[in-house]
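Since the structure comes first, as structure tokens, the remarks are kept for the end.
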Amino acid sequence: MTARIVVVGAGMVAHRFADSLVSRAEQDISLTILGEESRRPYDRVGLTRFFDGAGAEDLELDPAVLEDPRIRLVTGDPVAQIDRAARTVRTASGAELGYDHLVLATGSSAARPPVRGAEHPGCFVYRTLDDVEQLKAHVERRASQLGRPVRGVVIGGGLLGLEAAGALQGLDAEPTVIQSSDRLMSAQLDLPAGAVLRRLIEQRGIAVRTRTRTTSVLAGEDGEVHGVVFDDDTVLETDLVVFTVGVRPRDELARAAGLVCAPRGGVEIDPSCRTSDPDISAIGEVASFEGMCVGLVAPGYAMAEVAADRILGGGATFAGYDLSTKLKLSGVDVASFGDAFATTPGALDVVYTDPVSGVHKKLVLSDDAKTLLGGMLVGDASAYGALRPLVGGALGGDPAAYLMPAGGVEAPTAELPDEAVVCSCASVTAGTIRGAVHEEGCTDVAGIKACTKAGATCGSCVFAIKGLVGAELAKMGRSVSTALCEHFEMSRAQLFDAVRVSGLTTFSSVIERFGRGRGCDVCKPVLASILAVLVRGHVLDGENATLQDTNDHVMANMQKDGTYSVVPRMAGGEVTPEGLIVIGEIARDYGLYTKLTGGQRIDMFGARLEQLPEIWRRLVDAGFESGQAYGKSLRTVKSCVGSTWCRYGVLDSVGMAVNLELRYRGLRAPHKLKLGVSGCARECAEARGKDAGIIATAQGWNLYVGGNGGATPRHAELLVEGVDDETLIRTIDRFFMYYIRTADKLQRTAPWLEALEGGIDGLREVILEDSLGICADLDALMAQHVDSYQDEWAATLADPAKLARFQSFVNAPSTPDPDLAYVPERGQVRPASIDERRSGDVLIAGTTLEVRR
Amino acid sequence: MTAQTLDPATAPEASWLRVCRVADLEVERGRAALLGSTQVALFLLPDGSVHAVDNHDPYSGANVISRGIVGTRGEAPTVASPMYKQVFDLRTGACLDTQGKDPAALRVWPVLLQDGDVHLLCGDAR
């Protein structure tokens, strides 16, 4: 028979309960969730995000959970009465539902203190989406009426109050936080920590008054709030008031139904989350466990899991509240965990305070200073993820190491006990994560997330999970494999040396000797790159052609519709007026979309495979060559205009850039290479964001290496300074060749340098002091590259066998792909979207109406 | 070499269509062919076999499969889409590595090699 379960309340804890119950239930169940608000369950903890532009729908909790056919969600119809004898509930609309088990998840309501005038319009609480929507509307309305920024008073300096103050600030209002006790966040922080937090909050433009009680709210003749009166009879003018003085459990239904409630409010529950009626459970903020209700979501989630387990016949118990919190308030990190106030007899504390940078950290230790009991962190809570799971366990090192500023001494890592909770959002222990590695075969954070849900909610424990997984894999004798792919056990660096030493020159001979199978899209391009450096020769020579990545194979960059973009080299970003005219004519004749690249050259988009040789012919005839924009190779050398024209230029940066680009053009590497040359310290070429950045000084060139833009920006590090042209070039030669020889597949110079033994100093020893005795080899290899350079486009045009590859169809060599379709945009064309194709509004069938064949 | 016999009972409308010479193909590098408005990607493998699959990449919507890298995965001969790197089994068209996307497959054409010519089995039913 189907078990009928009814949940009263549709908040975060109810949502978690539903998720847990239906994902684990093997028996027939039907679950009805009755919500008071007219919304689907949403992230109340993230309410402040609403002011950062998140809409109500962005805050909605995973809707997939509620799509389960066993679940019925009713919103906007609160339960009015529980009839325990008949085991039914009646809603406000009069609907009556029978239940086999009832779960109370009614949460709390925001409390309004007994302050005169608290009912005036312009007084708010901060609890629901409706509350924040009304608050926002009020601020916007008053600001336009008053013609100045709105002033707001937030009464209550706990975490909710600080969130509300931050939200007001986000609305361009001027907030003041009023706190009756001696410090902010008095439930989580002691006086010194609270004082640091106050300074940080005030620095961010939020006024704070402590030891202040509010006695009444004043309204003006227009009925609008215009001030508050304090217990010392002073008055503060304000245009609105937000009360954040705590929450009150919504236990009125339970009381009316005769369930045992705690004297301070809340429905009493036992460790199985059952109330005094065994057919009724209570979870979340409405539940009172050991005389206490707690307004944090993590313990509510833990109760939801326990209640679901019990309904399914399990024996889970609620172990008590974990009051740990970590949050960001107006950009300030605050965390508090374990016995933060050192109430354990004999507890010691270790405190680190840096008033200048606004950091305060305290650890609470057992009387022998070995066991971590708790702590509070203000201004920098980065150690929270590492410390919180250690509560109750050995600290495993000097406690001070955990308190020092990030980036200094590496904190010691203690072995976490199996029972330590690593992810408090999903209540996942270290033991569970270890089990997932051993039994479920998880090998990374993504696997652990999918398997245990750890790390999937707030993400603060991800690094802890990563460490645990790595340690477990190491214990199992498994390391993170460096094998290229299923065809080669070797890493790229090992394969490079194997090819170099063996003298093999073809893919077939290399895979026969060092690998197995016929390769794949991972190892083939790697070998193409290695062979290009060691053996050289054209990318389309013989078997080489089958190894090349798509773009290298046709010496152009594939775009989303399968056509290509064409980029001729413009060394150093220099181009003549004649050159510009030729490019303009080609783009016009072939209907190509043109755009400037970030590397100071011109990209022409929309060329079809069979058009590429014709376009190259015209470019080569005009003196252009391939820009290798498609290769894992030198891309561009960006430069500022330098001393030839610029009145501040110290050295000829364009001349050096052209020189370098012509030297390294065509050089194949594990990943793309970019350079920059600036003619003075103003650094207009942004050279320090490049793999090699050169900056002119009065003493000569400074060379920086290992920089990166893109997704993981990194400034290049200084390798040598004040050197002449010759030394500069020799140093770059060796840096590039050493990188090409030893880097992993698709590893750019920035991560390569970070992983290199000894870092920048280690690099200096190898390529300047020749500590490995390989500099002569590196120099010789680069000299061979420079001598053997040929333009790939011109070489292709000169070889009919290579040209034969540039046919659209083997049985229709010059027929364009009939599916290409374009629409005009800002005077050029772009590929049509799927919708545009369906609607037939495609104006141009190809980029050109055959101009040339 | 990979001749598959035509069963007239199951494919009454189908017929073998000559597409190109085997010599027009290059080992482990695909070529596109046009059959009416349908695009086919042809692959010649080191063992001399020829495989024909959709040139249309179901993941990107572009006609690019013939330009992918040919290789192996275990025993299966494969092609990797040059656009988003999904890997397909050339024998069955099945996607062996969806890169986290929903499964999708390439259509496969039976191939007949005769006197150095490549023939594909084509018909209305397909």
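Glycine too: its Cβ is placed from the backbone N, Cα and C atoms.
The following features are taken from TrEMBL:
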type    : residues                               : note
BINDING : A:Cys640, A:Cys646, A:Cys680, A:Cys684 : [4Fe-4S] cluster binding site
BINDING : A:Cys684                               : siroheme binding site
DOMAIN  : A:4-291                                : domain 'FAD/NAD(P)-binding'
DOMAIN  : A:421-468                              : domain 'BFD-like [2Fe-2S]-binding'
DOMAIN  : A:559-620                              : domain 'Nitrite/Sulfite reductase ferredoxin-like'
DOMAIN  : A:631-769                              : domain 'Nitrite/sulphite reductase 4Fe-4S'
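Excluding the listed site residues A:Cys640, A:Cys646, A:Cys680, A:Cys684, the same chain places A:Val641, A:Gly642, A:Tyr648, A:Gly649, A:Ser653, A:Ser678, A:Gly679, A:Arg682, A:Glu683, A:Ala685 with Cβ atoms within 8 Å of the centre of the [4Fe-4S] cluster site Cβ atoms. Look at the Cβ of each of the binding-site residues A:Cys640, A:Cys646, A:Cys680, A:Cys684 and count the other Cβ atoms within 10 Å; the largest number goes with A:Cys640. Note: the domain 'Nitrite/sulphite reductase 4Fe-4S' (A:631-769) comprises 52 helix, 35 strand, 52 coil (DSSP; helix = H, G, I, strand = E, B). Residues of the domain 'Nitrite/Sulfite reductase ferredoxin-like' (A:559-620) grouped by DSSP class, helix first, strand second and coil last, total 29 helix, 14 strand, 19 coil. Counted with DSSP, the domain 'BFD-like [2Fe-2S]-binding' (A:421-468) comes out as 25 helix, 5 strand, 18 coil.
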